[in-house]
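Engineer: The structure's right below; bear with me while I get my questions together.
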Amino acid sequence: KMAAAAGAAAAAGLWSEVNRCGQNGDFARALKSVNKILQINKDDVTALQCKVVCLIQNGNFKEALGVINTHTKVLTSDVIAFEKAYCEYRLNRIESALKTIQSASQQTDKLKELYGQVLYRLERYDDCLAAYRDLIRNSQDEYEEERKTNLSAVVAAQSTWEKVVPEDLGLREATYELCYNTACALIGQGKLNEAMKKLQKAEELCRQSLSEDSDVTEEDIEAELAIIHGQMAYIMQLQGRTEDALQLYNQIIKLKPTDVGLLAVIANNIITINKDQNVFDSKKKVKLTNAEGVEHKLSKKQLQAIEFNKALLAMYTNQADQCRKLSASLQSQSPEHLLPVLIQAAQLCREKQHAKAVGLLQDFADQHPANAVEIKLTMAQLKIAQGSVTKACMILRSIEELQHKPGMVSALVTMYSHEEDIDSAIEVFTQAIQWYQQYQARTNHGCCVFQPKSPVHLSLIREAANFKLKHGRKKEAISDLEELWKQNPKDVHTLAQLISAYSLVDPEKAKVLSKHLPSSDTMSLKVDVDALENSHGATYVRKKAGKLTGDNQQKEQGQGEVKKKKKKKKGKLPKNYDPKVTPDPERWLPMRERSYYRGRKKGKKKDQVGKGTQGSTTTGSELDASRTASSPPTSPRPGSGAAVSATSNVIPPRHQKPAGAPATKKKQQQKKKKGAKGGW
């Protein structure tokens, strides 16, 4: 009895210690006291509960869950349901946490709060929205602002990932978290400018709220603003301002935020900006997407987008095996998704295996008819790249959903025209026109009352008529033009085309139809010709006939003289041009084509060099002015004077002294020759 009394006294002291440590937040010390209590009574339910709470507060979720699972007989689901579900939630065992919450006999407010978080992580946004609405409606405590923030986050997720138009919750944007979530919802709707304004407001509110705390540094504020700046950069990227977005992304990375999810998203967005350029930077950024815990921070679509970009980066860096491995893994995870197959086909095309790529796409189209349109368009593009335009046309015409679309009709007609297959091009027009006729009949429910054709239908008929006229199918074009004129008898343009076509086939019919044209009086346009000619855009102005008198005439003549003087340009003449000398009439011809050209004198210098002693010359090479006189006159060159007369006193040009040359120049040259080394 004394031992029992002593144990009870010790336990009471320990409980006092636990209570005091819990109030002070010292859960590590409280855990030691709880363990001592459990040594006295290992099945004490309260002590076990306290131990689980202490472990959770210390972040030891796995150990806390182990204690719960070890003592299932004592710690039943009714007693410890919240703690067990919370440990599973923090250990990212979301499905297990949901089962634990749903199996609890009593749904407390704490369990409802956790239930909302679990539903959000499972991306069950509709159920999550209902859960938070119920909590806000039935709760009145200091956590109301946090619940509203979570509610706005759910609405933003619906707008972003499910493309649901968010309803106005009537939440007052008093905190930067609420402003941020509103901005995310606006981005999901494509309202980028409004979203940017909300983010700027969120940044301002964040700075205000954090600057009030003296313990918060500027680095702490920038770290908190990182997610807001990241969303701003994303808006810039969507708006095409890639340089600004890239700069802001890199600034965030330099801050080294602790949120691995934020870093992964920013790195992925940088990779999308780089595309097939700057692949080395992209390979560095990929490492940020592989950080531990990223898969628990991002949504399924975000993770999927990151994996797609990894596969594309592997393709751009010529890592064919890695690309195939990643795309095959993505296809196994989402068999109905189109992008993994397109990546595989692109990789095959890079390897020049076009036929295999087309076969892969065809197999996917057969297995997933819902994606057949995108697949067939890709197949047609591959066929065009191979030069098989006709086969590409066959693939495009097999897409029933797009056969009647104006864009598809235009593409097919252009391709058939390129292949000079006019009959097939006309057949495309005919099928599209018939589709619209059948559609009109279906919408009228078989009513016999005349209904006007749609603008698209009439546009197709007109394009078909123009095409047929261009390629000589006049009779077929006439049929289309008559149909158009029937729809709008007041259309003068169509009537003119019809008359023009009939004039080539049936002139009499053209004359009859020409009576329907409006008279020239009704078609005359009241245009002021003078005002039109004098307008700013007129390129030709007709001169008015008539005489000018007095000062006006003199003024006009004076202006004309000034204009003539401006237009006249004086040609350039050689510096030493002599007007007394007749220019050579063959001066414009190349030297070889002139009548007096005798060809080059080859080997003249070779004969003079190397014979006799150094400095001596041969007797036959002495210069004689009388010999040069008999040579034919050459054409005057620019800068020369009059033609040289054939007299013995004339010094040859090579021996003439330049006019105005200083006398000292010759002496300087002689000095240079004396000082030179290594003569001939």
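Glycine residues also receive a Cβ, built from the backbone N, Cα and C atoms like all the rest.
Heads up, TrEMBL stuff is auto-annotated, nobody curated it.
Positions annotated as coiled coil by TrEMBL: 94-149. Annotation comment: TrEMBL describes 563-573, 664-680 as compositional bias 'Basic residues'. The domain 'Signal recognition particle SRP72 subunit RNA-binding' annotation in TrEMBL covers 543-599. Per TrEMBL, region 'Disordered' is recorded for 543-680. Per TrEMBL, repeat 'TPR' is recorded for 226-259.
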Engineer: State the non-local partners of the repeat 'TPR' (226-259) in its own chain: residues 6+ outside its ends, Cβ under 8 Å from one of its Cβ atoms.
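Structural biologist: Hits for the repeat 'TPR' (226-259): 176, 180, 183-184, 187, 192, 195-196, 199-200, 202-203, 206, 219, 265-267, 269-270, 272-273, 288, 297.
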Engineer: Can you count helix, strand and coil residues in the repeat 'TPR' (226-259) using DSSP?
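Structural biologist: Tallied per class, the repeat 'TPR' (226-259) gives 26 helix, 0 strand, 8 coil.
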Engineer: Take every residue in the domain 'Signal recognition particle SRP72 subunit RNA-binding' (543-599), average their pLDDT values, and give the whole-number result.
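Structural biologist: Here the predicted model's pLDDT, averaged over the domain 'Signal recognition particle SRP72 subunit RNA-binding' (543-599), is 68.
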